[in-house]
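The structure under discussion appears below in the form of structure tokens.
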Amino acid sequence: MSVILNASVNTKSAVEYRTISSTQSHLAEEQSERLHKWISKDQLEKLHAAFLNTPERHVGIDELRIILEELDITFNDSMYTRLFLKINQNRDFKVDWNEFVSYLIFGFQEEDPSSQKESLILPISGPPMVRKSEHRSAICCLALLKAKSDQVPIDEVTETINFSFGGEDSPEASGMWVTASHEGMMRFWTSHMEPIRTASSESIVSTYAFYNNGKVHSKLILGDYAGNVRILSYSPHLRGPFQAKPGAALIEVIWSDVLKGKIPQFFPKEYINLHNEMISCVYFSLHMNALFASAEYRNTKKYRGRCPGMIMVNYDERSNFRIPLGVSTFFVAESHNIVVTGGPDTFVRIWDVYIPTEPSAILTGHNGGIVLVFVQPEENKVYSVDYQKIIKVWDLHEHTLLQTYGDLVRLIHHSETDMTYYYHSHLQELVVAGRKLISIKCCPRVRVDLADGNTHAAPVSVVLYNRLFRNVVSCGLDSYIIVWDPWTGRRKIIMKSCHTKMIYGEIIDIEITAACFDPLEQFLLTGARDGSLKIWNYNNAVVVRNMSIMPDQEVTAVIWVVDRILPMGWDWQVTEFNDVVGREYGDPKKWPKFHTDDITCADVKLGEGVVTATYSGEIIFWKLETGQPYRRYSVMDPTRFIELKLTAEEEKFIRQSKRLASRPTPGNHGLQMGRAGRSTVLNRPEDNRDYGTDIPISVQAVLFLQTRPQTLKHGSVFISLDTGFIQVYSHHQRGGYMVEFLAVHKTGDCVLTMCTDRKNRYLYTGTAFGYIKVWHIENFCVPETEKIHVCMPKLRLEFIFLRKELFLTRAKRAVRNQAEPLLVSSYKGHLKAINSISFINLPKIIFTGSHDYSCRLWTQGGRYLGTLGTVLPWSKLTPFERAGNDNHLYRMPPDIKKVASSTTLKVISGIQAETRIKISDGKPVEDREEDTAQTEDVTELRKLLDKPVKEPILGKHFELPGRSVLDQHIELDTTQSYIAVFTQLKVHSTEMLERLPTPAVVSRVQTENYLDHYIPVEGKVDVSGSAINIKQPSRRRSDKTNDTRNVRTPRARDLIALEMSSSHASQS
């Protein structure tokens, strides 16, 4: 049975829209619909001439087919209908020359490899890691100690891929950091800035690197204050000249002796007066066998801008890169043959190493001198840091600014200006050293051992499959719309900042919360959190139309039927927009406001009705043609009849609006008054209703079964509640609630999204805990006469979840008493909530969008196919063949592998772990003995668990204490919602302990006074000597009159104390 959908009621064309799931369910081979691959230049000129010869300069569906057939470009009926709908972007069923050429251009744009490299997030998006330097002064030197140099010989260079398997964390690959300060302290750190040890040095430390390849000589490059550059080469074999010699702990070498060749292991080379100023930076390129040296020329009156800021020396040839004020730092990208320089003039220049006369690009934007530049060739990005600690990221090819990062200004005190920088090319980290150690991730590699990558930079809200273009469209809370090719895993188009809002002069991205396609699936409709709606021609990222419901009211659901658009959300009602040519920009129609809370979800049955549900559990069925409600339910009491009745104020408003509409007023004055009055009435709170208030159960998702008729005995609407149950209703006028079933197996979980296949045989659900469940609903809530026989062996071949196990798993235990619907698959697909789920009919592929930023593809049986946006190779898929192969070994998502249960492992891997072992006579003796041992183990385990264990359970090694004679019966208080356990405890009163007498020695120590043993010391300074002579006075006599303890009155004690202090002051 084919699915036919007319484009418009006013259209005379007989275009029928058939999907690949219609009568033409399979093709002999995949036919390409991309005309840009077929049409040559001569054919294109003939097509242009044919368009010009037409009377109205545009052709219809039949005329275009005739023109293409004259050029030997033929299609079958189904493929040509799809092609015509793709070309006809104006939806008038007439194609002009501009539309035809635009379609050819879109074909080339889809194959543009630059669209694959555009990043979803900023290059520096993660927070920096800050540590104390643990040095007494600021760090003056920062180096990386590695076993292998960053420069790799040419024969060992491989293609760089931006993902890793976690091997860079090892010390052999990432090395360790070494920091040094002016007081001579050196500290060693791991690659993740964990301290290892501390050392001290009294001399200047120079750094050098060894090449593991003994054929390549190591080079120590020295630049001095006079502008000279010296190169010292030596062989790294057996540590070269740095071998330890007996009897000599330190070997001192004089440069003149090295030049004279007295040390044969050194090969020196000098470049005298290479620069006229101090050498600021040197580098030797192993690939180009060239030396780069730079210097700063700040004396503009002396050099007048004609200074060679950087010089490249290749053998005896010199290339001068003339830059005003010279060069402070540079970076050589050998894979691209470019040099990036930065200096005091605040400009970043990109040079071709073979064209030193003029830079390829000049990047402006810094307000201070450049202190560091480095390049990421695999990411095509240039990073620059200025004196004011501002980091800017540039695109290497387009020469545009991508990001300005200013967090270093906040983390580092403004008085710290001399900072030390080092870029770790292997870990892709920038380390800034001063009083603190700060590590910044710069486009970090994806750890494929932890995750497969992300589809969006924020949670995915909606995923849709377009049957016309055969692609997947994902929308996220990052305000991105991304078009994916699910058959190759490529990203076709990315649209950023789709919904925006200006707040205090700053443009803020608004989250996309709802989306759908038009009936012919040519355009995309999106709704945002601020109530805005946009219609997109998502093939060229052009906004066709802007709409809006009430301001700052989130759009939770959008429905697009023929000639009408129905958005709804937190405004408690349905708003209807026209989609007819000529009436697009009229005022929207507001449906009656019967809801008393925010609308959370909605769905439509073409030609019959619409169902809406709210946060408070209200369900209303509407007539699609008239927009009038005909039934109302509450999920708390679904069998109770609720009358559809407006309040008195709403009825008064309706009569008033009709009277104003019929009154003849000039212009649009009456229309404006009607809108004003409507806004004042609809914005009021409706707390006076006696139903639907304070209901704790909310509706999370609704689903219409399109193939089920509108009868009393057919359950056609599925309602998902936050309690984990799914209620089934009939949308007939006299229908209602039929049955409910539990759709989750964990406490607190609930179904957030649902979808079905084309024939409504299976129900696919995604839960808040990340579980994907598949239900067989073909015989669920249908009359007995329409039920069919279910072949369970066939289902077990497709769904491994149904195969028997030794123990009943948790997902099966939850539905063991539930006859219908039949749970055929259950597994954990995401770590976080699944916000959207959809299904592709012919290849039987499920794709889910989750709160964990990813969109994943699965087979109907539960095998994992991949994540959109992954860096790993993509599985071979086609829209004309069923996905999944029983002989193929499928892998698991790395994040799910760590938390997967036995059921998830079995379903995703497709391997039954527990199988019965049978012994065959043809096996060797050793295999028979091993199989016999395994069989005996399984048999003993089943004997142990099939019947109660005999006493004593714990053996003879432990005996339980005997019970008391009196059996204490505890009566629990169950009147409240919880049981207070502490009220059931028996509390014994405490008794005072007998206090032992205090020993005489302790009593005597307690009564002692330290003043009895205190003897003051007099100190007098002898002027003649340099030391202080301490004179000890004679022991003070014990005078009872001066003892304050013998004085009875407080006043007398105060007088004696004052007298004693005055005497001490006079003596001193």
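Even glycines carry a Cβ here, placed using N, Cα and C.
Pulled from Swiss-Prot, these are the features on record:
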COMPBIAS  1039-1056  compositional bias 'Basic and acidic residues'
REGION    657-687  region 'Disordered'
REGION    1026-1068  region 'Disordered'
REPEAT    155-199  repeat 'WD 1'
REPEAT    201-242  repeat 'WD 2'
REPEAT    322-361  repeat 'WD 3'
REPEAT    365-404  repeat 'WD 4'
REPEAT    455-494  repeat 'WD 5'
REPEAT    507-546  repeat 'WD 6'
REPEAT    594-634  repeat 'WD 7'
REPEAT    746-785  repeat 'WD 8'
REPEAT    829-868  repeat 'WD 9'
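Count of Cβ pairs under 8 Å against the repeat 'WD 6' (507-546): among 365-404, 455-494, 594-634, 746-785, the largest is for 455-494. Within its own chain, the repeat 'WD 4' (365-404) has Cβ neighbours under 8 Å at 117, 122-124, 160-162, 328-331, 333, 335-336, 338, 340-348, 350, 412, 417, 419, 421, 423, 425, 428, 430, 432, 440, 442-443, counting only residues six or more beyond its boundaries.
Long-range neighbours of the repeat 'WD 7' (594-634) within the same chain, counting only residues 6 or more positions beyond its ends whose Cβ lies under 8 Å from a Cβ of the stretch, are 554, 556-557, 559, 561, 566, 568-574, 576, 640, 642-644, 646, 686, 689, 691-695, 697-704, 706, 710, 716-717, 719, 721, 729, 731, 733, 735-737.
The repeat 'WD 7' (594-634): residue composition by secondary structure is 0 helix, 25 strand, 16 coil, according to DSSP. If you take every residue in the repeat 'WD 9' (829-868) and average the pLDDT, you get 93. Residue counts of the repeat 'WD 6' (507-546) by helix, strand and coil are 0 helix, 25 strand, 15 coil (DSSP-based).
The DSSP breakdown of the repeat 'WD 3' (322-361) into helical (H, G, I), extended (E, B) and coil residues amounts to 0 helix, 19 strand, 21 coil. Helix first, then strand, then coil: DSSP counts for the repeat 'WD 8' (746-785) stand at 2 helix, 18 strand, 20 coil.
Applying DSSP to the repeat 'WD 5' (455-494) sorts its residues as follows: 0 helix, 23 strand, 17 coil.
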